Amino acid sequence: MNFFRKFTVIHVLIIPCCVVNYVTPEDNLDIPSIAKYFNTKGRYEEVNPHLLKDILAVNTSILQPPSAQCQPFHLTAIIRHGTRYPTSKNAKEMQHLYNMVLHNATGEESWLREIQSQWRMWYTEDMDGRLVQKGVEDHKHLAIRLSKLFPSLISEEKLRGGFIKFITSSKHRCVNSTLSFKAGLTELWAITDKEFDHEVNDALMRFFDHCPRFVQEIDQNPTALSEVDKFRHGPEMRRVTEKIADSLRVPYNTINDDMAEAGFYLCAYELAIKTVNSPWCQLFDEVDAQVMEYANDLKQFWKRGYGYDINSKSSCILFHDVFNRLKRAADENKSGQQVTEAVTVQVGHAETLLPLLTLLGFFKNNGSITSTNYATQTQRSFRTSHMLPYAANLLLVLYDCGAGELRLQALLNEKPVTFPGLSDQQASMPRYEDVKDNYSELLQGCDFETECQLFKSPA
C-alpha cells in the first residue's frame, strides 16, 4: 500500500456557510466560564490565555538552557490541525437538540428566548470537520510564534534551503492546516517566488487506521468503552441531564446524555469558531461542565490513552520515526555536517498526539480513571482540555551545549514539560543520552508490525 504522496499546490476549501465576526482582544471578550472544560473542542487560547492580548506573543525565557552555550540545531513539531467545523455526527446531534428546544422547550429566560427566536442552526452535516478560518489563523500564528521562539531554526534561509520538512495526514483539515502553517512563514518573509512541498503520510499521522489490533480490539469493539457508557448513564451525568430538562421545562426522559453532549458542543463550537458566548452555554454551570469534561476524558483515556496498552503501542511507528530523526540530526551535528532536516513539521490529529504522549509517559495518573471514581479525580493529570486543544503541539528540540553534550527539550503547547522518569535537576532539558536511556525498552522494541498484529500472543 502506498502511504506516501507529494503535494505542491492545494487550494484551501473553507465552506462559506455563514457570516463570522471575529472579535479582537480589545473588544473585551465575553468568554463562557465553562470554556476551560471543552476537552478537544477547546481553543488554544484557553491553554495559553496571554495570546488573547497578543496572538503572536512568545516568552523565550521559558526555554532556559543550562548554559548560554546551548544552541538549538533541530526541532520536531507534531501538531494537531486547527479549529474545525463539527463532524457530520456532531452536526446531526446538535440539529436534533435544536429542533427539540425550538418546538418543546418552554420558559421565559432570556437566553432560551434568544435560542428560539434569534439563533439559527447553521451547522450542517456536509461541513464534516473541515478547517474553519480560525483554524487557518491558528496555524499561521503558531508558525510565526515558533519562528520567534527558534529564529535560528525556523528562518527564511532554512525554508528556502529545503531544511524544513512538512508532513501531514491526508484529511482535508490537516492538509489545510499544513498549508496555513507554510503560509504563515511565507507571508512573514514575503516569499512569493517559491512554493514548498509537503508529504502526505497516513502511515505516520493516522497510524491508528493501519493497526489491525487497535481497530479490532478498541475502535470497533463496543465493549472497549464500557467505562464511558457506565459513566454516561450514571448518577453524575443524570444530574446534568435533569438540570438541562429543568432549564428547558421538558420531561426528564426528553434529555439523554447525547443531547447533553450536543448542547456542550454547541457552546464550544460557537466560542471556537465565532468567538461568541452562545446562549447554549447557559445550559451548563461549572459543576455540569466538569462532569461533561470527565465523560470526554474517560473516552480519550480508554480509546487513545492509558486504558489499553495497544492505544499507545499503535504509535510505535511514529515514536521510532521521531527518534530516528533525532538520531540523524545528532549524528550530523556531531560529525560537523550541516543538519539536513533542521525542522520537521508533522500535522495530524488529537488521535495522533495522545497515543504518543501516552507512550512517552506524560500525564499519567496513579491508577485508571473509571466510571466510579469521578469524585477522586478532580486533580487528575490526564485532562485533555489542557493537553489537546485545537492546534495542540508537541515540540522536541535538540541542543548542542558544547564539549559533545547534547540536550533535548520537550514542550507541549509552547510550555516546557518534564520527561517522565528523569530525576535530573535539568529534567526539563535533560541530556539527550539520558532520554534515550529512559526510553531504551521502547527504542529496542515497540515494533509496530508486531504490536498491531491480530491475536498477539501474551508476552
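For all residues, glycine too, the Cβ spot is worked out from N, Cα and C.
What you see is a predicted model, and the numbers here were worked out from it, not measured in a lab.
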Seminar exercise, completed: From Cys70, Cys174, Cys211, the residue that TrEMBL pairs with Cys401 through a disulfide is Cys70
Exercise. Choosing among Cys267, Cys316, which residue does TrEMBL name as bonded to Cys281 by a disulfide?
Worked result: Cys267
Seminar exercise, completed: Here the Cα-Cα span from Cys401 (disulfide bond) to Cys281 (disulfide bond), rounded to a whole number of angstrom, reaches 50
Seminar exercise, completed: Cα-Cα, Cys267 (disulfide bond) versus Cys70 (disulfide bond), nearest Å, comes out at 45
Exercise. Rounded to the nearest angstrom, how far is the Cα of Cys70 (disulfide bond) from the Cα of Cys281 (disulfide bond)?
Worked result: 47
For this session: Any same-chain residues 6+ apart from Cys70 (disulfide bond) with CB under 8 Å of its CB? Would you list them in sequence order, or say none?
Result: Tyr399, Asp400, Cys401, Gly402, Arg407, Met429
Seminar exercise, completed: Given the disulfide-bonded residues Cys267, Cys281, Cys401, the candidate whose Cβ has the fewest other Cβ atoms within 10 Å is Cys401
